[in-house]
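Visitor: Here it is: the structure, laid out below.
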């Protein structure tokens, strides 16, 4: 009985040991495979650079909620909804035709060259299309003030702040005219403050000049 129990125990232990060995071997093989891939990729880049050949960058799948931490989850979901509305092919990209339709729908149509320029500005993988991640780059650039005020991407970012389908193009126009007017008022307020500061500075300089001139005249009679 004891011998049988020991044999059974040894058998079980052997199975566990085999399982551990198999798991360790699998993990080692996986690590080795990843390391080999990295080394091969590095060698490929070095060989191509020596030959004067550009190597296209590769991008890993990322979590947009983590990468674009400046946006709330609700904002990203809203951007996703906008993106999906114009991704009529449902392939996860906005191609030139879909972007063309989008800009026309937003009331800011672009030329063929303008559309290509819009795509190129955020097309990090150079595939001629805008992925959702690259779509979010538009809003990141807009928020950072990195877009030209008259550029197609800036118009896209501004016009999708409100639901054009609900308020219409004229409503969107009024919305942004109101925002521009508000900005102008703010700028005018800042200009007035700067003017007041400039007037005070000039008055102080004139006062110092008069004092120096008085001291110079007084020194003559000493």
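Backbone N, Cα and C atoms are what each Cβ position is placed from, and that goes for glycine too.
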Visitor: State the residue range annotated as region 'Disordered' by TrEMBL; the candidates are 1-33, 34-66.
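Guide: The range carrying the region 'Disordered' annotation in TrEMBL is 1-33.
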Visitor: Please find, within the list 157-189, 190-222, the residue stretch that TrEMBL describes as region 'Disordered'.
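Guide: Result: 190-222 is the stretch TrEMBL calls region 'Disordered'.
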Visitor: In the compositional bias 'Low complexity' (211-222), how many residues does DSSP put in helix, strand and coil?
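Guide: Secondary-structure composition of the compositional bias 'Low complexity' (211-222): 10 helix, 0 strand, 2 coil.
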Visitor: Looking only at the domain 'EF-hand' (110-145), how are its residues distributed among DSSP helix, strand and coil?
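Guide: Tallying H, G and I as helix, E and B as strand, the rest coil: 23 helix, 2 strand, 11 coil.
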